[in-house]
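According to TrEMBL, the protein has these features:
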type	residues	note
COMPBIAS	669-681	compositional bias 'Polar residues'
DOMAIN	39-96	domain 'Ig-like'
DOMAIN	101-187	domain 'Ig-like'
DOMAIN	206-292	domain 'Ig-like'
DOMAIN	297-381	domain 'Ig-like'
DOMAIN	387-474	domain 'Ig-like'
DOMAIN	478-567	domain 'Ig-like'
DOMAIN	580-678	domain 'Fibronectin type-III'
DOMAIN	683-780	domain 'Fibronectin type-III'
DOMAIN	785-886	domain 'Fibronectin type-III'
REGION	660-693	region 'Disordered'
Amino acid sequence: FGESVTILSELYPSSITPNTNDNHVTGIFYVFISLLFFFRWKLNGTEISPKSGSHYSLSGGNLRINRLNKDQDAGTYQCLAYNSFGTIVSREASLTFAYLENFKTHRRSSVSVREGQGVVLLCGPPPHSGDLIFSWIFNEYPTYVKQDTRRFISQETGNLYIAKVEPSDVGNYTCVVTNSVTKTQVQGPPTPLVLRSDGVMGEYEPKIEVQFPEVVPVAKGSTVKLECFALGNPVPSINWRRVDGIPFPRKVDMRKASGVLEIPYFQQEDAGTYECVAENSRGMNTVKGKLSFYAPPHLIEKPQDVQKLIDDSLAWECKATGKPKPSFRWMKNGENLDFAERIQVANGVLSISRLTLSDTGMYQCVAGNKHGEVYSNTELRVIAVAPDFSHNQLRSQTLVKVGGDVLVECKPKMSPWGVISWQKGSEPLRESNRVSILDNGNLRIWNATKSDAGLYTCLATNQFGVANSKGSVTVKEPTIITTQPSTLDVTVGESVVLPCQVNHDPSLELKFTWFFNEQLIHFGSHGGFFEKVGGQHSAGDIMIRNIQLRHAGKYTCAVQTKVDSISIAVDLVVRGPPGPPTSIHVEEISDTTASLSWRPGPDNHSPITAYTIQARTPFSLGWQAVTTVSEVVGGNRLTATVIDLSPWVEYEFRVLASNTIGTGEPSKPSKQARTKGTSPKITPANVSGGGGSRSELVITWEPVPEELQNGPGFGYVVAFRPRGATGWMQAAVPSAEASRYVFKNESIQPFSPFHVKVGVYNNEGEGPFGPVTTIYSAEEEPGRGPTRVRAKSLSASEIEVLWKALCLSCFLLSRLRFCPVAFQLRYWSRSEREDTASVQRTVGNQTSTIIHGVKGSTTYYISVRAYNTAGTGPPSATVNVTTKKPPPSQPPVKVMWNTSNSKIILNWEKVRALENESEVTGYKVNTESPGFIRKNCPCCPLPTDEDYIIQIKPFGEGGEGSSSRQITIPRIPGQWRSIGSASKVSTLSALSTIALSFTARTSL
């Protein structure tokens, strides 16, 4: 071939396919180590020897191959790196060559089909290496076959499939093959497609021609494409689905009219059986295939470089994932490791016991399955050293109590392991049944006595040297708790001290720790209940304040020193009110009684003396105590009968238990239970009435509350009769919420007295009537309108209306059937219609009123009519009035002020009214200071230490005009200025006791 190649080892992917047009390939082996390495390469297991003139050359770790030869250079390459510490090998890299030859055949026979028949045109690609891409030319370039539901090109075989041939398909078809690596493209010979003349093909069911294998292995993270296409008439539709019914995730792509199913980033959950369904009106055909998940090995735990002593043990663990599950092998210095009695491999773990110097070297863990291998590199160094205590001295002081046990550790660094001996003082240590040197060199003393105290020396010896380390053993008196275990009995709310007194070696520091039911007590938390009160060094007493039931239990005082630890337990019993009863049941219920049962709760160490029953309804304000038989329910009873309940009401009951300490928490409520119904007993309250329209008797009352209706179907019976009559008329009102009944009869005279009473009933029967009360029938509406109606304009915005009253004393005139309650005024301007008139009503039997808010210089029409509860009477005669001109709209300007003899003199420019405004007849001067306001004040006392705010407004017969700007006259100590203006700040002398007068003037 003549090209060059440099092989890249330890790069991904492990397969290299150079273009045949390339002239070299470079391979790089990365070795991350500070020491110098040397490199060798192997091809198909045979070492390559680059020599002068050879087409192989090395540059660092790179292998460069010049003048590539497909037959000689294709194969598997592996790099070896080595130095004085050992050898490691790279993963294998495969070198292949991509090529694409020409088609051998130059002519192809024509394919004859009927119209409507399916056809397959074969491509038959030439010899090649590397992935291919297929397309087809129709007749002449550049007309390519477009894929749709009827035409499909398989990228697996290159064949062209036409599901149903049409006359437009007749022509020459040429297969075009492209090598995806070399980009080389070749064309096959054209295949003519002709129609047969013996008729049209009839309809037939789908026939799947493009299928995928029964099992398709797919690598993790790769993209898999499944092809499926069918011939048929009509053209079949192609659909995909999973046999297990799981829907496709969003990443799945179904392209080319569903002829290709593409699954990118393939994961374990994508594995399963997939089905292609081809269907038309003549039938259906399916094909299935299984996608199996596989993953090349991936290292998740790699062994690390270690340095070990002679005779030590080594355990290296190598973990990897993959599917199928990877197997493991170990290599040493580039060669598979030989196993022996002390060298074992199990599940990726390399174990070497009794290490020797010969075990030093470079090790590699290789995890592999049928889809690849991965390598990890690590170094083992086995060293030999003389004894050394520099990093692990004996403890300078070891404490032990009299009668206690102690271990003095001796852990020198030495390789190989030698001999350990001990001295006490300057003499060799004598072992006994209490003193012993352990196999690992440590010193153990049992049941220590004062005589065991002293200076101890550990001596370590091997063939490379001797070393020692010294430490003392100190024997202390033991700690003893003098407080005796006990049980304390307290009542809720009390405080109690839990004692913990000790005797101890005074040279040792004590630490007290308390536990409650084996849980550590954190002082300062727990709501502030627990407090340390031990006043002496040897006392660890604690106090529990305001003790509660939850504080009952086991308390443990643990005492600790540097040499020992002991503890003592105290049982605390807390007496309190009983716990809530349980299992509250309503056993039987009537209209006014209920029988209850329950189970007792915990008595909290004090016998239950009594029970209290409470009830709640939708109408009650919370829980209320109820009456029982007998009144007191003793603590030995677990049943009770509740009386005086309201009929037809839903009740919940709860029970509270009491003892000599108090009353406990209530039980959970019982299930709701409704009392039985009975005839009602309560009549409506506040029966009254009156009013209404002519010939009506209006009767009103307050409805009976639901909790007093005693049953369903509640209603009212209204009985009434004219005063003096003997017989009663009755009417039923079948609504519990009703509060009004109206009886209408033309024979009823206005304002006639009636005797009325209201009774009650429900589905259980009739109840009583309430007391009799007197109610008057409706009045007669006024029959005539007010007379002598007069109107006059008070200003541009106000009109006063006066009229004569209809009656002076209605209730003294027995022949008059009505009395006006008030009067109604209707007014409208000349430009408005009467039906849009404004309405103003008076209160009481007054004979005048003022209409506000009217427009100036406008004529208004006004009528007055009387009204009462029966209605409105006829209107009076209509009168009219014209309002006065509006007041001046211009405010006073150029307001000036000065002082003279304790007076403030004001001057301003005269206001001139416009043509449509009323003439100015005067001015109003309003003064204001904090705390009071005066209007039209010609002479006002100056408030002590206060400012004056003054405004001036004109007025005329149309009312008051616009105000001037506010003028502030401050009271500031000093002399009066002779003149000021609204835009200036003027000062006043101190006039706290002098009356201030105002003289108003206008400029002429």
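Cβ coordinates are placed from backbone N, Cα and C, and glycine is handled just like the others.
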### Summary
Per the Cβ under 8 Å criterion, with at least 6 residues separating them from its ends, the region 'Disordered' (660-693) contacts 491-492, 575-582, 584-586, 589-592, 594, 596, 598, 601, 604, 606-607, 609, 612, 614, 616, 623, 645-654, 699-704, 708-712, 714, 716, 742, 744, 756-771, 773, 775-779, 869-871
### Task
Report yes or no: does the domain 'Ig-like' (387-474) come within contact of the domain 'Fibronectin type-III' (785-886), defined as 3 or more CB pairs under 8 Å with a sequence separation of 6 or more?
no
### Task
Please work out the helix, strand and coil residue numbers for the domain 'Fibronectin type-III' (785-886) from the DSSP assignment.
6 helix, 47 strand, 49 coil
### Task
With DSSP as the yardstick, break the domain 'Ig-like' (297-381) down into helix, strand and coil residue counts.
3 helix, 54 strand, 28 coil
### Task
On the DSSP side of things, how many residues of the region 'Disordered' (660-693) fall into helix, strand and coil, could you say?
0 helix, 8 strand, 26 coil
### Message
For a three-state summary based on DSSP, what are the helix, strand and coil counts in the domain 'Ig-like' (387-474)?
### Response
3 helix, 46 strand, 39 coil
